[in-house]
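Structure record follows, encoded as structure tokens.
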Amino acid sequence: MSQFVQSIIYENRTVTILDQTRLPEEEHYEIIHDLAQAIDAIKQLRVRGAPAISLFGGFVLVQEAFRTTGTLAEAKQELLEVSAQLLATRPTAVNLRNVLDELNQLIVSATTLKELPVRLEQKALELYQTDAKTSRQIGVHALELFESGDRVLTICNAGSIATAAYGTALAPFYLAKEQGIPLSVYASETRPLLQGARLTTWELQRAGIDVTLITDNMVAHTIKEKQITAIIVGADRITRNGDTANKIGTFQLALLARAFGIPFYVAAPLSTFDFTSLSGDEIEIEERDAREVTQLAGKATAPAGVPVFNPAFDVTPHDLITAIITELGVIEHPDVETIKRTIGQHTH
């Protein structure tokens with residue numbers, strides 16, 4: 001896996017992250033010393049990507065568990081409070097909730113203070129390895145949908161630095177590279193924080209994958225002029241009926257895919273599904289600081305005091321999605337029934 005940059009490292013009971021806000025200018029690794037720093041790292045997007053946030057949150061909980069003192073009951077209460085604080089950092093992505101739910105069960109069921117952090121550590125490491133395998137399997141299924149020479153458009157960053165390895169939407173491009181299959185990627189810059197420009201092009205170029213950067217308002221023209229054959233995106237939350245929350249701008253890509261008659265794919269692990277929500281109407285959409293829109297590199301790009309609407313995500317209705325690609329396979333024409341048939345017992 002030498003082609004991948006590790007965005008989360010857990011060694012010697014310490015969590016270290018690649019500060020993604022400094023890319024592409026600098027590869028800076030930040031050691032996480034305490035919970036407040038970890039929460040700030042999530043909120044300020046130094047660590048980002050739904051799977052990566054969940055893995056990071058798990059390791060932070062482990063790190064805190066090894067530092068607990070007092071009785072078993074006190075340690076349990078303290079760690080459940082830590083878990084709740086981590087969960088509150090990013091309301092839209094569901095992966096973090098799913099990971100913390102698993103770890104919370106271990107906290108509640110622990111019978112000795114000594115075993116508590118050890119069991120949490122084992123589970124967090126297991127989840128990290130599972131995510132790497134899951135991402136690769138998503139890539140395997142996604143690659144089957146593409147042909148040699150395809151030109152595929154994506155938004156934001158659903159790559160290796162947003163997961164343990166490979167990524168979700170970018171996984172097929174890594175596998176195509178490994179197998180010598182030529183695919184071209186067009187990366188939409190992804191305003192206002194430029195994850196497509198700063199992160200996706202950085203990691204794909206680093207891996208030797210053919211990638212071209214475009215601005216967000218070039219998408220329709222690019223689909224037409226460059227004969228884009230498909231669009232693939234990641235996801236932060238998928239409801240029971242297949243409605244998908246992802247980076248703001250995804251919904252309009254789905255509409256353009258429908259207009260041009262090209263497939264629109266969502267690539268995501270089972271941990272991104274929220275089976276407690278029937279539709280996208282139930283998803284809480286995070287709104288972020290206005291300065292992300294009114295400033296660039298600390299300089300004003302809009303007049304002071306102008307009202308700003310800055311949602312971080314939008315919801316793409318399931319009927320605009322050609323297929324959802326998971327580690328279990330491809331869910332074509334996603335809705336409640338097709339998702340249930342593919343995922344089966346995982347819906348319960």
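Keep in mind that glycine also has a Cβ here, set from the backbone N, Cα and C atoms.
Of the residues proposed, ARG90, ARG288, ARG291, the one Swiss-Prot records at the same substrate site as ARG48, GLY49, ALA50, GLN195, ASN246, LYS247 is ARG90. ARG90 (substrate binding site) and ASP236 (active site, proton donor) have their C-alpha atoms 10 Å apart, to the nearest angstrom. Reported as a whole number, the C-alpha separation between ARG48 (substrate binding site) and ASP236 (active site, proton donor) equals 11 Å. Annotation note: LYS247 (substrate binding site) sits in a strand segment as assigned by DSSP. Spanning the listed substrate site, residues ARG48, GLY49, ALA50, ARG90, GLN195, ASN246, LYS247 have a farthest Cα to Cα distance of 17 Å.
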